[in-house]
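K.L.:
Pasting the feature list from TrEMBL:
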| type | residues | note |
| --- | --- | --- |
| ACT_SITE | 255 | active site, proton acceptor |
| BINDING | 25, 165, 255 | glyoxylate binding site |
| BINDING | 78-80, 107, 128, 130, 156, 231, 253, 258, 286-290, 309-310 | FMN binding site |
| DOMAIN | 1-360 | domain 'FMN hydroxy acid dehydrogenase' |
């Protein structure tokens, strides 16, 4: 097999290896999949304004997220049911993240429990939360995540109902019978029934709370001391409400283009959200990041870091833990090179002036710089 030289190449390898139902579940987006393509395409409309003749012999990519020091602003987004991709599933992801010195977010719908993931060893881990109709289930889950040493809750707020993913409907998607949603096993919510459309859509309709609102973000803070990241914000209005509700951070996300189609790409929504947050809480991004250049563009537009989702499951399917490690290393190396070639030695040197976008006003001649 050819050597993998970029993150995108893992998708084709995963497609060859995985059953169609599983690959389609990971790969597809909602309805026309316009936003799915746009999450990628939008990055290509942002160009660099590199600064030259700067000593870039030493580059520092390290940063802190909610007070936790990590090696780079590249983290792992929550993706469900990773044991469908590889028998080691979330265990492999946890080990790869820890080895790379970065943060893993575990999905509520993981095929390994919070306790099992914690048992892989040290590491900074966040827990993605879906709010179930039964709030006792939620409270129990949050407590277990806290006890297992998870450091933050990423509350998914864009899924009162599951988006229409037509591949899952055609394939009658269901969690394979030898797997379960491990966090819910003891609560009789760990299995997914075969349905006449998508088994996951039916599960969500039955279990996930459609009444979820800002008051629940406040309720969550009464049951946990963990910081809460609101995941799924795309507008300035909701960014301001997130700040008011006491969120510790915002993740600009369109759920990998799997929920509402024809929302903007996350990189296009980012600046609006950053401006609205006014520096009061950090803003992160997920969706469409496949290159180190994408990471740089997100940081130039004000993100404090990014999360990757599909590249993790595709590389996991292809090569297990080693695949995820390679994805993190390739993104790290590309990002470091982009920084060097742009004249940035640390993350705080990456500015809005290092990029140009379609919506920027034409540049007036700036005053002549002094050497």
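Note: Cβ is positioned from N, Cα and C throughout, glycine not excepted.
Show me how these features fit into the shown structure, please.
P.N.:
Long-range C-beta contacts of residue 255 (active site, proton acceptor), restricted to its own chain and to partners at least six residues apart, with a cutoff below 8 Å, comprise 156, 158, 159, 163, 232.
Within the same chain, the residues at least 6 positions away from residue 25 (glyoxylate binding site) whose Cβ sits under 8 Å from its Cβ are 81, 84, 165, 167, 168, 171, 173, 200, listed in sequence order.
Counting only same-chain residues six or more apart in sequence, the Cβ atoms lying under 8 angstroms from the Cβ of residue 107 (FMN binding site) belong to 78, 79, 80, 81, 82, 90, 128.
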K.L.:
In sequence order, which same-chain residues at least six apart have a C-beta under 8 angstroms from residue 258 (FMN binding site)?
P.N.:
28, 29, 30, 36, 163, 165
K.L.:
Pick from 288, 309: which of these binding-site residues has the biggest number of other Cβ atoms within 10 Å of its Cβ?
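P.N.:
That would be 288, with the most Cβ atoms nearby.
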